[in-house]
Amino acid sequence: MTEEDSQPPLEGLSDADIDTAGEAAEEVTKILPSIDNAKILRGETYTYHSPIPKSIQEDPEGEVILGVDEAGRGPVLGPMVYAVAYCLKSDNPMLREHKFDDSKKLTHTLRSNLLQTLTTPNTTLHRKLGWSTISLSPRDISAGMLRSTTSSSTYNLNAQAFDATTTLIAGVLASGVNIQEIYVDTVGTVSTHQSRLQKLFPSTTVTVSKKADSIYPIVSAASVCAKVTRDAAIEVLVPEGEEIGCGYPGDEKTKGWLKRGMEPVFGWEVSM
């Protein structure tokens, strides 16, 4: 990592920053362009695409690799975030130099610091690494699972995850990026997932693998983008003076917050 990439750590927002959901959202938005506070608070699904990195703009014929990963699968609070990260194949070694790894293996500070550096102009990461996210809200995930795609199947979480993956990849390809290799952390059976993606993107070489976020640095980069975006979205949703946990239905803090806010007859009140 070069000296220009050194940034102060993001240890989280201070108590003053999260006095209200709006203030928290405003502060997080300053850090992450993938955070749309209004859409998060309204429970909407949305997509973010970074600018094409300068290194790719300067070498449009250069071979590009792209990785895909997610964070927050099956949430009850906060979005499920799918992310892609991409760079010139020749720039792949710099991801190891920046300590990218499976986001679950990295500390909150290191993950956040990496993404802050990525979004800071004139840093190596900003010049060489592009990224996109799609944040699927729990409301839209649930609505999707209640509708049928055919008479015999539902639009389940795996189907929604596949569509999120293909939407992000197609978006990067549509911008003119010369993607030659795609690496994906598997959803479901590896061979089936890889075959479906390969048919959709025949001009690329698709590799689907379990633990891809630990094996391929470009997938690690996508993992960090997804995880930090989801964590920041949870910060946006934190009510004043409360803690809602990580947003998974099995999390005790999340379950406690939901129980405290549930009206016995009418369920949960939605406030905008």
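The chain as shown is numbered from 1 upward.
The backbone N, Cα and C atoms fix where each Cβ goes, and this holds for glycine too.
When the ranges 1-24, 121-144, 241-264 are checked against TrEMBL, the one recorded as region 'Disordered' is 1-24. Summarising the environment of Glu70 (divalent metal cation binding site), the number of other Cβ atoms within 10 Å of its Cβ, over all protein chains shown, is 23. Highlighted in sequence order, Val68, Ala71, Tyr82, Ala83, Val184, Ala212, Asp213, Val219, Ala222, Ser223, Ala226 have their Cβ within 8 Å of the centre of the Cβ atoms of Asp69, Glu70, Asp185, the residues recorded for divalent metal cation, and are not part of that set.
Ranking the binding-site residues Asp69, Asp185 by how many Cβ atoms sit within 10 Å of each one's Cβ puts Asp69 at the top.
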